[in-house]
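Structure first, commentary second.
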Amino acid sequence: MKRTVYCGEVTDALVGQEVTVNGWVQRRRDHGSLIFVDLRDRTGLVQVVFDVEECGADLFRKAEQVRSEYVLAVRGRLVHRTPEAVNPNIPTGRFEIRALDLRILSPAKTPPFYIQDDLDVDETVRLKYRYLDLRRPEMQRNLILRHRVTKAVRDFFDEHGFLEIETPMLTKSTPEGARDYLVPSRVNPGKFYALPQSPQIFKQLCMVSGLERYVQIVRCFRDEDLRADRQPEFTQIDVEMSFVERDDVLSMMEQMVARVFRDALGVEVPTPFKRLTYAEAMARYGSDKPDLRFGMELVDVSDVAAGCGFGVFKGAVEAGGQVKGINAKGCGGYSRKQIDELTEFVKTYKAKGLAYIALGEGGEVRSSFTKFLTEAETAEIVRRLEGEPGDLLLFVADQPDVVAAALGALRVEMGNRLGLRKPGEFNLLWVIDFPLLEWDEEENRFVAVHHPFTSPHPEDLDKVFKEGATREELAAIRANAYDLVLNGVELGGGSIRIHQRPLQNRMFELLGFTPEEAQAKFGFLLEAFEYGAPPHGGIAFGLDRFVMLLAGRQSIRDVIAFPKTAKATDLMTDAPSEVAPKQLQELHIRTTV
């Protein structure tokens, strides 16, 4: 029987006609001479009725064999349900199909969990039986949304003159940052390919090639410890443009993101997006990816603290640190136990403690430190944080990086507790002017904040070549880089690139590469720059993360068809797995475990 309509797409126009539907049995109910089957496909479900008086005894006996998740083809007459039988909870709840023919296309074992959205089952079971998990409507909605996003991306870039160009999956290992996944070469014994962490160099070479506008929805690989928003293999929306400056890239990406929201969600997002410098973001929010759906900004009270009688505050400022606070509105009634919990929370970010002022509704004040302050000092601190009766003011005193990390995380924690991070609300932000370099204490050298091909900020270019520059001077150099942040999550990052060999050589030098090392790893790129490279820049968006946020999910595993676990394993296929000794011999390698 050939399908004539999808289960979720029956309409009034088809009432009275014979239709054929295919799908899986969601539920079967036996009422004596009537059998009701809810048949499901990816569009929804529809009720099928087997009435022994209408369909005959033979067909009815066949319907009695049907169980959950059987795959069926059903032909019948579409009718309206009686008013008392209407189900208002599903789009097709006014209709039912009175069965005339049935074909069991495939029987099914009893599944290890119910195929339904409100599922309470361990994720390891879901991943082991992923093909069953993906039958659930919410998982199918996630993948349909992912398709809509990628279609909107491709349509947009095609309309704006971009070429979708594939770059190699087997490439050269240039370890800088995360570990590479290595692939041994059978025909070149002792040598290895690497799976790409990013197509960065190849897309820059596309610009040197004169292709001008490149885009690729590309798989990337990083051998790193996983989190809720990380996978060993992931997908990027990768973009590069020639003859552009920063604002050209940002404007184009704003249009693309707005198009995705419009086409995939039916949501209009205002452009241009807000911009903050890295320094502003860290000072005001304690994070380079702040969630701007709520305020609760960090307020600096270091100048008041410097002259106060509270030794913790005064000592921190004298040691080159700072004192900052946030106002948790309406939390003035927090108990000492609750405040102690917050103190333990900030200690996980290396803060030594948490000071507080609780302003009671009746004007009373509870505090861990105001007894050491004058009334004027206390009043000034409360004024700066815009404290009102019922508020809880929370303070951290330490070095700037610790204050930012601890208070920034506490701000998000309090935002969650107070319900300020509203789902369904989207706040987009560009963070610009990142540092170009950061000092790595373990390796005793500078590393690139983004990557080695990021161009310095035009205003700081002369500082890159300054003879005898101190570590502090080099750390203060800004990058011509930018990140797009959505609801406190980094959605993508990019930069204007270096396109001249002398500057790229200098960048490698600052990162501790000898000329020989730079030539061995990146000689082909350096040589390409000598044949006329245009100014260029680009960006890469994490597609998995983007779809996760649009879908309102907490993990990218929910928007990837077949994801890995937190230990980078595939529970369904049992990958990674051991291989036969013969395979290792052919590759000229052996394991040591």
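Glycine residues also receive a Cβ, built from the backbone N, Cα and C atoms like all the rest.
As written in Swiss-Prot, here are the features:
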SITE      H31  site 'Important for tRNA non-discrimination'
BINDING   E176, R222, H450, R497  L-aspartate binding site
REGION    200-203  region 'Aspartate'
BINDING   R222, D223, E224, Q231, E490, G542, L543, D544, R545  ATP binding site
DSSP residue counts for the region 'Aspartate' (200-203), split into helix, strand and coil: 4 helix, 0 strand, 0 coil
List of residues, in chain order, with Cβ under 8 A from that of H31 (site 'Important for tRNA non-discrimination') and at least 6 apart: none
Candidates R222, H450, R497 (binding-site residues) - the one closest to L543 (ATP binding site) by CA: R222
Closest of R222, H450, R497 to R545 (ATP binding site), Cα positions, binding-site residues only: R222
Helix, strand or coil at E490 (ATP binding site) [DSSP, three-state]: strand
Around the Cβ of H450 (L-aspartate binding site), the count of other Cβ atoms that are within 10 Å: 19
Secondary structure of R497 (L-aspartate binding site) (DSSP, helix/strand/coil): strand
Pairwise Cα distance for E490 (ATP binding site)/H450 (L-aspartate binding site) [Å, integer]: 13
Count of other CB atoms lying within 10 Å of the CB belonging to E490 (ATP binding site): 16
Rounded distance in angstrom between the Cα atoms of H450 (L-aspartate binding site) and E224 (ATP binding site): 17
Mean per-residue pLDDT computed across the region 'Aspartate' (200-203): 97
DSSP three-state assignment for R545 (ATP binding site): helix
CB contacts for R545 (ATP binding site) [other CB atoms within 10 A, all chains]: 21
Surrounding CB atoms that lie within 10 Å of the CB of E224 (ATP binding site), all protein chains: 14
Cβ atoms near R497 (L-aspartate binding site) (within 10 Å, other residues, all chains): 21
